[in-house]
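Inspection log for the structure reproduced underneath, given as structure tokens.
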Amino acid sequence: MSKPIVMERGVKYRDADKMALIPVKNVVTEREALLRKPEWMKIKLPADSTRIQGIKAAMRKNGLHSVCEEASCPNLAECFNHGTATFMILGAICTRRCPFCDVAHGRPVAPDANEPVKLAQTIADMALRYVVITSVDRDDLRDGGAQHFADCITAIREKSPSIKIETLVPDFRGRMDRALDILTATPPDVFNHNLENVPRIYRQVRPGADYNWSLKLLERFKEAHPEIPTKSGLMVGLGETNEEIIEVMRDLRRHGVTMLTLGQYLQPSRHHLPVQRYVSPDEFEEMKAEALAMGFTHAACGPFVRSSYHADLQAKGIEVK
């Protein structure tokens, strides 16, 4: 019998080490079993990386993190080259260990009390007009990190009064009342929480999370602030059917959500959940039409769409694929 991994505080556990801690075991994907990417999934990198390196340098200088880097987002080059980034607060170590996600798992260190000020100054220096703030899950904190979100929102607005702020929050599992008391007192301009996938495979895809809990979080925030758009994102290609995705979309509408993102899941490493299928651009267009017919005011659906991909354009209703 193998000994359990003893996690050291502040150490990042990735790939095989991270997956070893998941109750629902994932079989490592052999190279020959990997699905070949279709032509529409090929990414063209920008010829000039000056802007990309500049944003990375600004992050490093202030000890900040972007989910773009930590989660190995395929759109990193495009977004950084356009001067946009999704900031990840509360460190780069997540207390959850979802097998689709490339963010490191482990025992995180205490939150940086100076992070809100450093974040606000960096955003002001970059002259951003729209910013997305997300975080790792922090099940070790009594409020799940909600107060830190609020402190960041306050600090950003002090430095950049006209900025629009979107928060992409974790589920605050077991801490919803406390978290919502804080977040509804200092609300963002868009409140985002991702369902990620369909209930049938939730235990496999999001161990430690609960589908109905996430729906309730979105609903309760909307009840407190009906004037603020709520948003959620889904990945496809993990073994769900299009019909199941459409039913999740109906659930989101029943819980007051008006903004939707839908994108292709990509396997970060062979230790993560494998891609079961690549969804064609035509299928994404069909699901977008379904979403708009249901009453979503915004629906960004396409192979490379991610929750915060061109979030400023999404919020304006400009088509994003």
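Cβ coordinates are placed from backbone N, Cα and C, and glycine is handled just like the others.
These numbers come from a predicted model, not from an experiment.
Residues or ranges marked as [4Fe-4S] cluster 1 binding site by Swiss-Prot on the basis of sequence analysis: C68, C73, C79, S308. Around the Cβ of S308 ([4Fe-4S] cluster 1 binding site), 28 further Cβ atoms fall within 10 Å across all displayed protein chains.
According to its DSSP assignment, C101 ([4Fe-4S] cluster 2 binding site) is coil. What Swiss-Prot records for C94, C98, C101 is [4Fe-4S] cluster 2 binding site, and it gives sequence analysis as the kind of evidence.
The feature domain 'Radical SAM core' is assigned by Swiss-Prot to 80-297.
Across the structure, S308 ([4Fe-4S] cluster 1 binding site) and C94 ([4Fe-4S] cluster 2 binding site) are spaced 19 Å apart at their Cα atoms. The 10 Å shell around the Cβ of C101 ([4Fe-4S] cluster 2 binding site) contains 22 further Cβ atoms across the protein chains shown. When the binding-site residues C94, C98 are compared by the number of other CB atoms within 10 angstroms of each CB, C98 has the fewest.
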